[in-house]
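Colleague: Dumping the structure here so I can ask a few things about it.
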Amino acid sequence: MAAFRAAHRLLGHILRNESSAGLVTQRWSSSAAVASVPKSSDPKPHAQPDKRKPKTGILMLNMGGPETLDDVHGFLLRLFLDKDLMTLPAQSKLAPFIAKRRTPKIQEQYSKIGGGSPIKKWTEQQGEGMVKLLDELSPATAPHKYYIGFRYVRPLTEAAIEEMERDGVERAIAFTQYPQYSCSTTGSSLNAIYRYYNAKGTQPKMKWSVIDRWPTHPLLIQCFADHIQKELNMFPADKRGEVVILFSAHSLPMSVVNRGDPYPQEVGATVQKVMERLGFSNPYRLVWQSKVGPMAWLGPQTDESIKGLCQRGKKNILLVPIAFTSDHIETLYELDIEYAQVLAKECGVENIRRSESLNGNPLFSKALADLVLSHMKSSEICSKQLSLRCPMCVNPVCGEAKSFFTKQQQQ
């Protein structure tokens, strides 16, 4: 999953009919090992234990990923039923059919990366580091408590909201874990919050505000740059300067881009800031992965770019997942296995590596804490960008959700 942004990042895998043969199961790069996934299916939203009543609740929004192979079908079913992500004819009937048909294929892919997605594990670790820092930096708004709200797997966004209400949270911050905004990822998560209250016909007990995008936050940029430099240093010294950096993000259909989705521009802004931080040390390109179907999508595609570079004698390549902060199937399977192992061998790549995702980097938790702290100090409900609908938006719920959040009043 449009990653139609991150949700379509995964959609690329879900709809793909071709499989790669001869895959090896271990992580190819020494810099980012695949973590084992706990085999749990707790139906309750996850929040860290804390005896104190939380004053500020931070809802960490993401699409999520199946922790176990048994979770895959439910994940796919919720994904295909999400009308913010895609609209299908007779969606309530077609979605279960597609989910059932695709489950074995996607289970096979997850089995090659350890049996499930590590995204919940990383989100927990990031959240714990974030609230610990916030309690130290902002005692006036403490205790702080993080909650995880996934769109397609437990803990679901709606269940997390219920947990926050029961905890008596006074101030709720909807904090997207997508640095770059897209209507079908961050937008879908925010729509889910609005739909929750709209279905109940009640106003929130909590006062909501939103961190809806952060593509150029200085600490985010530093994290990316540090991870890239670390991986560049692993290339042979005589090849290091000619390594081509391919920043890879999930592609979007041009029909979505042409409606005015800001995702491509925001991803580009992240890339520009990262390369500035690196002093433009290497040639680079922004490329797009997970294209689905015959329609026009943002390009060039990551796999085609690898092929094209090799044909032109550029055979030292560093892949950088620039729109993904935590490892999941698109980094661990698509980038690490399909591209860095299978495709690279076919193309005759000399050296190919993948920059480690931000995962458990303490500096990244510091970035998250800084974003929340700055947001609370600003007293802003959301960014000015969030109040603006895409010029050619076709989803009326987007307008209703934006109105819901912009009308929230902070105490």
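Glycine residues also receive a Cβ, built from the backbone N, Cα and C atoms like all the rest.
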Colleague: Quick one: sort out which of 34-55, 100-121 is the region 'Disordered' according to Swiss-Prot.
Modeller: 34-55
Colleague: Near the [2Fe-2S] cluster site, what residues other than C183, C390, C393, C398 in the same chain have a C-beta no further than 8 Å from the centroid of the listed C-beta atoms?
Modeller: G187, R259, G260, D261, R389, V394, N395, G399
Colleague: Could you round the CA separation between Y110 (protoporphyrin IX binding site) and C183 ([2Fe-2S] cluster binding site) to a whole angstrom and send it over?
Modeller: 27
Colleague: Using a 10 Å radius around each Cβ and counting other Cβ atoms from all shown chains, which of the binding-site residues C183, C390, C393, C398 yields the largest count?
Modeller: C183
Colleague: Pop the Cα-Cα gap between H217 (active site) and C398 ([2Fe-2S] cluster binding site) into the table, whole Å please.
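Modeller: So the Cα of H217 (active site) lies 25 Å away from that of C398 ([2Fe-2S] cluster binding site).
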Colleague: Would you count the other CB atoms within 10 A of the CB of S117 (protoporphyrin IX binding site), including those on all shown protein chains?
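Modeller: Taking all protein chains shown, S117 (protoporphyrin IX binding site) has 27 Cβ neighbours within 10 Å.
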Colleague: Taking only same-chain residues 6+ apart in sequence, whose CB is under 8 Å from that of H217 (active site), what do you get?
Modeller: P179, A367, D370, L371
Colleague: Could you give the Cα-Cα distance between C183 ([2Fe-2S] cluster binding site) and R102 (protoporphyrin IX binding site), in whole Å?
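Modeller: Each residue's Cα considered, C183 ([2Fe-2S] cluster binding site) and R102 (protoporphyrin IX binding site) end up 25 Å apart.
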